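Asker: Okay, here's the structure, questions in a sec.
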Amino acid sequence: MDLNAIRILGLDPGLRRTGWGVIDVTGSRLAFVACGTILPPEQAPMGERLAHLHRELLGVIERFSPQEAAVEETFVNMNPSSTLKLGQARGVVLLAPAQMGLPVAEYAALLVKKSVVGAGRAEKAQVRMMIGILLPKATPETEDASDALAVAVTHAHHRGAAARARAAL
């Protein structure tokens with residue numbers, strides 16, 4: 001890792017699948033580091049699934065030592081039960097990096113798509129294609145990992161504004 005680089009962890013939260021992606025940013029240059037998907041056991045009780053997600057996220061943070069984290073804000077759907085469960089997973093995804101002392105920024109899905117593709121209503125396939133262009137060495141095996149890399153790229157582009165917003169609080 002370049003000593004001037006900032007390492008960013010992007011996260012796409014979900015209870016069934018949580019995508020993560022790590023990039024290094026030096027000035028305006030982006031470099032792929034790693035990505036993956038955390039798959040909590042679907043049949044396990046909720047507490048065990050959340051604990052699994054937490055443990056795996058801490059492992060990713062310890063392994064790759066990011067300096068900042070960014071999380072995609074969740075979409076609220078018509079099913080209150082699904083929204084609540086997603087909110088619980090999102091809480092764990094926000095907690096893990098904060099627990100490790102990382103500043104955590106949040107970005108709306110529309111902003112992530114606009115930052116990466118240029119259109120807020122872009123399809124997941126378009127996001128994945130642009131991630132391949134922006135990070136040629138990236139190898140996301142799932143849409144969740146690709147989305148997490150897109151969140152990291154968005155944070156790389158907006159981190160100055162995010163830092164100013166945190167300082168204003």
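Quick reminder: no glycine exception, Cβ is built from N, Cα and C everywhere.
Features from Swiss-Prot:
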- Asp12, Asp144: Mg(2+) 1 binding site (BINDING)
- Asp12: active site (ACT_SITE)
- Glu72: Mg(2+) 2 binding site (BINDING)
- Glu72: active site (ACT_SITE)
- Asp144: active site (ACT_SITE)
Asker: Between Asp12 (Mg(2+) 1 binding site) and Glu72 (Mg(2+) 2 binding site), what is the CA-CA distance rounded to a whole number of Å?
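Answerer: So the Cα of Glu72 (Mg(2+) 2 binding site) lies 5 Å away from that of Asp12 (Mg(2+) 1 binding site).
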Asker: Please give me the CB contact count at 10 A for Glu72 (Mg(2+) 2 binding site), counting all chains in the structure.
Answerer: 24
Asker: Take the C-alpha atoms of Asp144 (Mg(2+) 1 binding site) and Glu72 (Mg(2+) 2 binding site) and report the distance between them in angstrom, rounded.
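Answerer: The Cα atom of Asp144 (Mg(2+) 1 binding site) is 11 Å away from the Cα atom of Glu72 (Mg(2+) 2 binding site).
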